[in-house]
Amino acid sequence: MYGITGYSNGYHQNQQQHSSEEKRGGGRRRRGGRRSRHPPGFRVSDHHHYHYNNDDDDNKQEQKAPLPCTDFDMAYFHSYAHVGIHEEMIKDRVRTDTYRAAIMEHQSFIEGKVVMDVGCGTGILSIFCAQAGAKRVYAVDASDIALQANEVVKANNLAEKIIVLHGRVEDVEIDEEVDVIISEWMGYMLLYESMLGSVITARDRWLKHGGLILPSNATLYMAPITHPDRYNDSIEFWRNVYGIDMSAMLQLAKQCAFEEPCVETITGENVLTWPHVVKHVDCYTIQHDELESVSTRYKFQSMMRAPLHGFAFWFDVEFNGPTNSPTNNHIPSLLTGASNNNHIDGIQKKKRANPNEALVLSTAPEDPPTHWQQTLIYFYDPIEVEQDQVIEGSLTLSQSKENRRFMNIHLEYSSGGRSYVKESVMR
Ligand SMILES: C[S@@+](CC[C@H](N)C(=O)[O-])C[C@H]1O[C@@H](n2cnc3c(N)ncnc32)[C@H](O)[C@@H]1O
């Protein structure tokens with residue numbers, strides 16, 4: 001995940017997170033979020049040159065020229081050369097165990113087949129695929145972490161099976177199609193980091209007809225939240241500081257704490273209603289232009305009387321086989337019911353009760369925490385809502401024109417007869 005770059009909004013939710021950030025140089029870090037002043041050189045491994053076979057294009061979607069690699073992209077890839085980011089992701093057992101389980105669950109599809117790992121990082125998913133019996137794995141990463149992946153692969157005697165390509169998926173070439181694409185591409189609020197576009201590019205360049213994509217689909221949710229502790233801790237605190245009235249600090253405190261989205265862990269108790277589906281992504285069919293801007297209208301009815309402090313966002317991804325997609329039997333998790341509040345009687349779908357259901361990696365507040373946590377957009381001032389009070393409005397998430405890794409967030413909301421607009425940027 002790519003993040004609020006070297007930036008801290010001053011709020012550290014828990015000490016553990018705080019100290020691990022400090023170990024890596026201080027400031028709130030997000031996956032992929034550190035900027036480089038000296039972007040690295042950029043090359044495909046010298047010893048593996050593959051040529052994309054353009055004769056075989058007939059059953060592929062029409063391919064556009066790849067997006068140029070900008071300085072922002074270089075900085076993004078450079079941020080992934082840092083060991084800390086990979087350590088954090090790999091130590092996220094919910095994430096890594098679910099990927100491994102998904103690979104083993106699709107072993108019959110992977111065995112003897114050709115796999116591409118889009119954004120291999122340290123190579124962990126490629127190695128899982130080799131362990132599942134893949135004939136060959138192309139492990140592609142544009143970051144210098146690919147050099148480490150290559151060493152890891154050699155040290156595990158997998159160099160015959162796993163071919164590490166150091167370069168962008170948009171630029172590398174291989175001379176065969178692949179049966180399986182695996183990728184861990186999800187950023188905060190699912191779409192932040194804009195890595196899904198690279199999975200689409202890989203799919204359109206190399207995936208065989210009927211091939212498998214893991215994960216197969218993803219869903220971004222939003223819900224209104226109440227979080228008095230957080231508000232008191234960052235804002236109300238200034239009203240009485242060692243007996244001194246520091247209310248003069250309130251405006252600045254609100255601006256500094258809540259101007260940008262915050263990545264924090266909340267629980268189901270903070271959530272005021274069933275969630276709304278902001279975007280459903282089918283990895284087999286999604287197109288690049290769908291990702292440039294995502295808009296939705298929402299309407300909630302608060303389940304309780306509470307101060308409304310903002311909205312939470314989270315996502316889940318499913319690992320379905322190709323036959324289940326695009327018409328997968330998506331049943332969301334407890335807080336997931338409801339794009340349109342059609343909740344599912346409290347049925348919680350995480351790791352599925354029924355083995356025929358897809359494996360799910362959930363980052364919902366009621367599920368075990370992950371390194372993605374949840375993303376919160378706080379209001380500067382809470383709104384007191386009554387039970388059943390309507391909260392409605394619209395949301396647009398768009399890739400920043402300046403740097404498509406960043407996300408512009410335009411939020412309109414109204415409740416109790418008053419309307420508000422909040423613009424923020426996730427950078
Ligand atoms: C979230 S990390 C996942 C790493 C690894 N697959 C894992 O699960 O631990 C994403 C990786 O994708 C790489 N990446 C992102 N976009 C890419 C692209 N267009 N081409 C090649 N690598 C890319 C990043 O450099 C980063 O190492």
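The backbone N, Cα and C atoms fix where each Cβ goes, glycine too.
TrEMBL entries are annotated by machine, without manual review.
Because the structure is a prediction, the values reported are computed rather than measured.
If you look up TrEMBL, you'll see 1-18 marked as compositional bias 'Polar residues'.
Marked as compositional bias 'Basic residues' by TrEMBL: 26-51.
When pLDDT is averaged over the domain 'Protein arginine N-methyltransferase' (217-321), the result is 98. Among the features that TrEMBL reports, domain 'Protein arginine N-methyltransferase' is placed at 217-321 (among others).
Marked as domain 'Protein arginine N-methyltransferase' by TrEMBL: 357-415 (among others).
The region 'Disordered' feature in TrEMBL is assigned to 1-65.
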Summarise the domain 'Protein arginine N-methyltransferase' (217-321) by DSSP state, stating how many residues are helix, strand and coil.
31 helix, 45 strand, 29 coil
Work out, from DSSP, the number of helix, strand and coil residues along the domain 'Protein arginine N-methyltransferase' (357-415).
0 helix, 35 strand, 24 coil
